[in-house]
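Have a look at the structure below, then the notes.
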Ligand SMILES: Cc1cc2nc3c(=O)[nH]c(=O)nc-3n(C[C@H](O)[C@H](O)[C@H](O)COP(=O)(O)OP(=O)(O)OC[C@H]3O[C@@H](n4cnc5c(N)ncnc54)[C@H](O)[C@@H]3O)c2cc1C
C-alpha cells in the first residue's frame, strides 16, 4: 500500500497537520484583525507565512490554443459569424437598462437581422444538421439569452412541432415562412392549471364533420394557455395542444382521442390584429428573459380547417374516422412528446455556454483581484486562497465535464434524427432529460457562487452575473421541470433493471449496469476500500467504478423499497415514498455518464499537454463528486476512513493544481471580450479595472 505522506511531501496538504492548521487560523485572524484595526498588528515571523501563498508551484505546461482546438466544435465558424454580426451592430446590442417593451422589440429585430441580414438559417440547420443548429443556439444565447430563447421558440418549438408532428403537407406550406420569419409562431402547450402534467390539459378540439373543421375551445379559465412565448406581441400562429374530440353515434356524443397538436392562426397576416374568437393577454414583466413576449391565450369556438391537425401520429378522415399507427392514447402521447426532445437538448447545451461565461469572468477576476497577503509583502491574488479555489476549481472542472457530455448528447441527437433507431430514441430521450435537469440546476447554483466569488464588483450589472442568473434561472423549469425530468430518468433505469432480471438486453448508455449489477451487489472489497495512493485514486477505473457502484446500489435498493411499499401504498404512493431516493438515483446515473464521457474525451485528446491538463481536470471532477457524497460511500464501507481522508486531501491538491492552469483553461473556451462583456472578466487583465471604472464615467 502506498503512503500518501511520501507522495505529497512539500504540498498544500501539509496544511492539514493539526498544528499547522491552528497556526494558519491564528494567522488569518491576525490578518483580519489588522484589516479591521491596523494598530493591533502583532509581529509575525515571515517563515510561518510561507504556506499562505500558493504562487510559484510547478504547473503543467498547457497551451490555451491547443485546448481550444480540441474543444472547438465543428461549427465554430458559424458561432463566430454570429458574434461578429452583433459586434458590428451596436444598434442590435442589448443595453444594460432597457424596458420590457423595448427589449421585446429589440429581440425581434435581433432575430430578424440574424436571419435576413446575417444569412443564418436556423430552420434549415434543424433539418440538415442539428449540431450546427445547437451551435447557433449557444452563440445567440450568449449575445442575449432572451434572443436564444426567442429563437428556440420559433425554430425548436413552433417550427419543431410542424416538422416533427406534422406531415409533408405541413412542411410544404409552412417551412419557408417559419424559416424566413414571415410566420413567427408559438408553442401553446402549458395551461393555467396544468404545466408539468401535460396529459391533464383541458383545451378541446372538436371535429365538425359538416364543415370539415376543428373547433378549438377553452372550456374554463384553468385551460387558458399560459406562458406562451411569442404570443403576447409577435406570433401569427400557434401550435395548440388540445384534446381531440370526435363525434360518435352512441349516447356519449363525443369520444376523447387524447392530446393532439393543431396549427391555429392567431393574428391576421396583414393587419396583425388578433383573430376573432381569440383573446390574448400579456404574462407581464418576468424575473428574467424580458425580451421574450410570453402571453396567455383563450379560445372561443375558433374554427380551423381539418388539415391543420398535425397528423403524423393520428389522423381524422373527411367522414370523421380516426386512424393511427399507434394503438393507444398513451403511446400516441409518448410519441408526440418524444418528438419534442430537441428543445431540451438545446437547453442543456446552452446552459453549459452560460456556465462557461460565468466561470470565465469569475476566474479571470479572481486572478486579477488581490486582497491581503503576508506582512510587508505584496497582496496576493484571491485565487491563491484555498477557499476561492474550492469555490471555483471544481466548477471549472464541471464545466469541462459538461462540455463533453452535452457535445455527446447533440451528436447522439443528430444521429437519432437520421436513423430513427428505437434504442437510440430511448437513450437520447433519457439522456436529454437527465442532462438538461442536472446541468441547468448546477449552472443555476454556480451563477450565485460566481457572483459571490467576485465580491461587490460581481454585483454590478455591467459584470453580467445578475442578468445571467435571472435569465438562466427558468432553464430549470421550462422544457420540463427538472424534478419531473429526473423521475423520467429513474423510470428508465428501473425499466432497464427489470429487463436485466428478465433476461433482456441493455442499450448502449446503460450497458455498464449489466456488469455493475453482477459485480456490485456483493459487499465492497475490504482491501481496495483502504487503498489511498494517488495512482489508485487518479485511476479512471477506480473513479468510474465508484460512480457506478453508487448508481447500482441506489437502483437495487430503490427497486426493493418500491416493491415493498407498493403492497401497502399502491404504485403511486410507493413512488412518492421513495421519491428523494429516486431523484438521487437519477442524478447518480447522469454523473456516471458525464464522467464516462469525460474520461473518453481525455483519452482521445491528441495533444499531449492538453491531455495532461484535461486528465487533471477530470480527476478533480471525479474526486470532488466522490468527496461530496462521501457519506454514502462510507455508509456501505466502499471507502474506509483513511481513504476518505486521502480523497479529501487529493481533491484540495488537485484544485490547487487546476488553479495553476485556470487562465489557460478558461481561455480554452474561446470567448471573446465582446461575448463575455464583463469589464472585470476581460482577457487583458491590465485593462479590466480601467474599463470597469470607465463604465462609471471615469
Ligand atoms: C418564461 C417561461 C416561458 C415559457 N414558455 C412556454 C411556451 O412557450 N410554451 C409552453 O407551452 N409553456 C411554456 N412555459 C411553461 C413551462 O413549460 C412550465 O412552466 C413548466 O412545464 C412547468 O410547469 P408548471 O409551471 O406548471 O410547474 P408545476 O408542474 O406546477 O411545478 C411546480 C413545482 O411542483 C413540482 N412538481 C410538479 N409535479 C411533480 C411531481 N410529479 N413530482 C415532484 N414534484 C413535482 C415541480 O418540481 C415544481 O417545483 C414557460 C414558462 C415560463 C416561466
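The count begins at 1 with the first shown residue.
Glycine is treated like the rest: Cβ placed from N, Cα and C.
All TrEMBL annotations are machine predictions without curation.
Here is what TrEMBL says about this protein:
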DOMAIN    186-302  domain 'Acyl-CoA oxidase/dehydrogenase middle'
BINDING   190, 229  FAD binding site
DOMAIN    338-494  domain 'Acyl-CoA oxidase C-alpha1'
ACT_SITE  479  active site, proton acceptor
DOMAIN    539-682  domain 'Acyl-CoA oxidase C-terminal'
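Summarised by DSSP class, the composition of the domain 'Acyl-CoA oxidase C-terminal' (539-682) is 124 helix, 0 strand, 20 coil. If you take the Cα of residue 229 (FAD binding site) and the Cα of residue 479 (active site, proton acceptor), they are about 12 angstrom apart, rounded to a whole number. Mapped onto DSSP classes, the domain 'Acyl-CoA oxidase/dehydrogenase middle' (186-302) shows 6 helix, 54 strand, 57 coil.
Look at the residue listed as 'active site, proton acceptor': DSSP puts it in coil.
On a Cα basis, residue 190 (FAD binding site) lies 10 Å away from residue 479 (active site, proton acceptor). Other Cβ atoms within 10 Å of the Cβ of residue 229 (FAD binding site), summed over all protein chains shown, number 25.
Proximity of residue 190 (FAD binding site) to non-local residues of its own chain (separation of 6 or more, Cβ distance below 8 Å) is seen for 201, 225, 226, 227, 228, given in sequence order.
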